[in-house]
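This report concerns only the one structure given below.
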Amino acid sequence: MTAKARAATLILLALTLAACKREERATRLDPPVAEALDKVAVLPVGIGGRPPEVYPALGSPYRSNAYQLSQGKRLYEWFNCRGCHADGGGNTGPALLDGWWRYGPDAVSIFVSIRDGRPNGMPAFRDRLTTEQIWQLTGYIQSMGATAISVAAPSRSDRMQSRPAENRAPATFPAPR
Amino acid sequence: MSDERPPHDLRDTMLAEASLAHGLTRTWRTPAGLLGALSTVDHKIIGRRYIATAFVFLALGGILGLLMRWQLARPEARVIGPDLYNQIFTVHGTNMMFLFAVPVMEAFAVYLVPLMVGTRNIAFPRLNAFSYWVYLAGGILLWVAFILDTGPDVGWFAYVPLSGPQYAAGKRADIWAQMITFTEISALAVAVEIVVTVLKQRAPGMSLNRVPLFVWSMLVTSFVIILAMPAVMVASTALILDRLVGTHFFNPAEGGDVLLWQHLFWFFGHPEVYIIFIPAVGMISSMLPTFCRRPIFGYLPLVLAVVGTGILAFGLWVHHMFTTGLPRMGESFFTASSMAIAVPNGIQIFCWLATIWYGRPVLKTPMLMILAFFFTFIPGGLTGVMVASVPLDTQVHDTYFVVAHFHYVLVGGAVFPLIGAVYYWYPKFVGRMMSERIGRWVAGLLLVGFNLTFFPMHILGLQGMTRRIYAYPEEMGWGGMNLFVSLSAVVLAAGFLLFFIDVFRAARHGPEAGENPWGAATLEWATASPPPPYNFARIPVVRSANPLWDSPDSLPVATGLRVDRRELLVTSVTEARPEAREASPSDSIWPLIAAICTCSMLLASIFTPWAVVWGMIPVAAALTAWFWPKGSPEEEA
């Protein structure tokens, strides 16, 4: 095999793997994996920490996989995150698009916020969502406030539009009305 | 080359047979080598490529069908997971409709129509080359995406909202929508070529009432393509815009309409069925006289039936949408029109039966496939009348009854005649005969295998088995019949396998065919097998509908065409009176380059809308080079 052919094969392989990861749909997580995903190591203050070891082993899918992100978006709708955080711009709850995070921007902090709740109104979703679903929601919430558009980002919803879809523009703070 | 150039304006009247053939070959041949192969505009070479590619897709799609049957053979099977199963049935349907059935029919037309009407090349031959490359790219796009786990998984009809931005995550539905664009472009291009070839390039004397029926049916098909494809083009573009740009065509909350998708899709999708079926009936009408040894019975009713089918095809699309809650009046209208389509089809069947009745049928393989068509298509047509009625359709909608129905009409109605057509025209394409002995086995295996596979699906559907499910619980009691269906599918696959084996075997070992092995009547048999690059040394003149039967020894010819450049005869639309000598384009690499630019633009536009803007620049450059004026007159009256 010539060097050129080898390089082409490698590039093709890389593309293949990238596409596979982005498009893969793991519809059912093995129960032991799901359980291990719950084992986050949080700092004593409840902010920041280390994700469980199985998280990188899975390939950190919750921010880079199209299906997981769209599941997160669906859960955002179904569990009425909109009720307090609106479309990400914030209402009675804080905004999720402005790059300012009360309890830290990292995945573990957001995961813990959803799972255990936070003072002054954020309820705990531990008993309402599975660990996998909390991670999906975490990934979506991280991506909706990101400054770069991900290829895996979801498109617009079939509802009234309040801001450009996730795959259309870097998240912006909605103009005050 | 310039030193041995023949004198300017060399006409075929001045030359003897040998030097005429020599001169024409030098003018029309495709140069050897890779560049020659990539820049050829010979309709026979491109038609052959088209046919071969389409049959590769048939085989691939068939493998997917077998995979599905493997999974469904037992209840609760775990061969294929739900996600992969969704991709498989979508790619199977999309592949069979857009990459096999429509292109293969157009491919036969690309090869045969110029020969049947007695001209030297198809109209717009460079567009023809372009259309093949775009089609190939579309097929590669779909299959590479499928291998990369990005195969579309929303059904071959991609209904919104399921395929829309909210529910179809990732790029899978975009791949589907863009692949549609590829095949639309290539199909529209071929349709335009066929229309012009049929209307303006027929041999002198081939007035409209002497046009072979396959050519008639391809003319009607091409008009149906031209009128139907834009609907799905609009639909798929709107879908991509919704998904990528965030428009609201299909978003009811912002004033869009979900049902709009179904209307647009089926306004194309139903004529699509006839885009596949009408060429097949043309093939039957062209093959039947040869094997009944008499002219076709009822030429005029057959032509009118084909035209009528083409027109009625646009008035039935709503019968795919009976369960969407339409007004009663609309449902009644479309029930009536759906049943009305049985009238022209019935006329055709009776004309064919009369041809067989009054003829002396010779049971060669193509004829056997025609008989297989009768035994399969007619039951399919009957279930078609059944599902055309709203009450029954509401019961069997989205069940295996519908799966059985449309496989009966598509495989029975189009693939069986097509296999017959391959056996019939293979000697013309390759110069060798396929095996009659294997052919009988193929016909038998296909007919038996098909009916055993798909007939039980009617019953499964009536028992309530829904389409597109990847598994079913054992308690439903569908297990036995599904196992039977899956085993029968193996028989059907064996028939196709045997057919492919025969194709490859005959290419080397088949007996030499000669010009007219079947003793047929139409012009494509008046030249060598395979035909020389210029098709006919002299353009034939036609004096009847069955020229080779009515003047068996010597065909009158027209002379006066130039030999030193590619030239063909343009004739009037109805009477086919000679009007002008028209230059036919020479080989060019630009169609390939334009196709690469177009495909890159369309592919990149899945990821960013700006690709359309920037991608236009290379497309424009390639088209400019393609159409750069040559300074020579195009036609001489």
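Heads up, the Cβ atoms here are built off N, Cα and C, so glycines get one too.
Any TrEMBL annotation is an automated prediction that lacks curation.
TrEMBL lists B:28-543 with the feature domain 'Cytochrome oxidase subunit I profile'.
TrEMBL lists B:50-68 (among others) with the feature transmembrane segment.
Sequence annotations record features per position, and here TrEMBL assigns transmembrane segment to B:96-117 (among others).
Beyond the transmembrane segment (B:129-148), the same-chain residues lying 6 or more positions past its ends with a Cβ under 8 Å from any Cβ of the stretch are 39-41, 46, 49-50, 53, 57, 60, 87, 91, 94-95, 98-99, 103, 171-172, 175-176, 178-179, 181-183, 185-187, 189-190, 193, 588, 591-592, 594-596, 598-599, 603. Per TrEMBL, transmembrane segment is recorded for B:129-148 (among others).
Residues or ranges marked as transmembrane segment by TrEMBL: B:175-199 (among others).
Marked as transmembrane segment by TrEMBL: B:211-240 (among others). Using a Cβ-Cβ cut-off under 8 Å and counting only residues 6 or more beyond its ends in the same chain, the transmembrane segment (B:211-240) has close neighbours at 102, 105, 109, 112-113, 116-117, 158, 160, 163-164, 173-174, 177-178, 180-181, 184, 187-188, 190-192, 194-195, 198-199, 202, 247, 249-250, 261, 264-265, 267-269, 271-272, 274-275, 278-279, 281-283, 285-286, 296, 299, 302-303, 306-307, 309-310, 313-314, 522-523, 545, 605-606.
The transmembrane segment annotation in TrEMBL covers B:260-284 (among others).
Among the features that TrEMBL reports, transmembrane segment is placed at B:296-318 (among others).
The annotation transmembrane segment is assigned in TrEMBL to B:338-358 (among others).
The transmembrane segment annotation in TrEMBL covers B:404-426 (among others). Within its own chain, the transmembrane segment (B:404-426) is flanked in space by residues 96, 101, 104-105, 108, 111-112, 273, 276-277, 279-281, 283-284, 287, 290, 364-370, 372-373, 375-377, 379-381, 383-384, 386-387, 432-434, 439, 442-443, 446-447, 450, 454-455, 457-458, 460-461, 499, 503, 506, 518, 524, which lie at least six positions past its ends and keep a Cβ under 8 Å from the stretch.
Taken from TrEMBL, the feature transmembrane segment covers B:438-460 (among others).
Among the features that TrEMBL reports, transmembrane segment is placed at B:480-501 (among others). Beyond the ends of the transmembrane segment (B:480-501), by six or more residues, the same chain brings 55, 58-59, 62, 65-66, 69-70, 72-75, 419, 422, 438, 441-442, 444-446, 448-450, 452-454, 456-457, 459-460, 472 to within a C-beta distance below 8 angstroms of the stretch.
The list of residues near the transmembrane segment (B:613-629) in space but at least 6 beyond its ends in sequence, with Cβ under 8 angstroms from a Cβ of it, reads 126, 588, 590-591, 593-594, 596-598, 600-602, 604-605. Per TrEMBL, the feature transmembrane segment maps to B:613-629 (among others).
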Ask   = Thinking of Cβ pairs under 8 Å, which stretch from B:50-68, B:175-199, B:260-284, B:338-358 has the most of them with the transmembrane segment (B:96-117)?
value = B:50-68
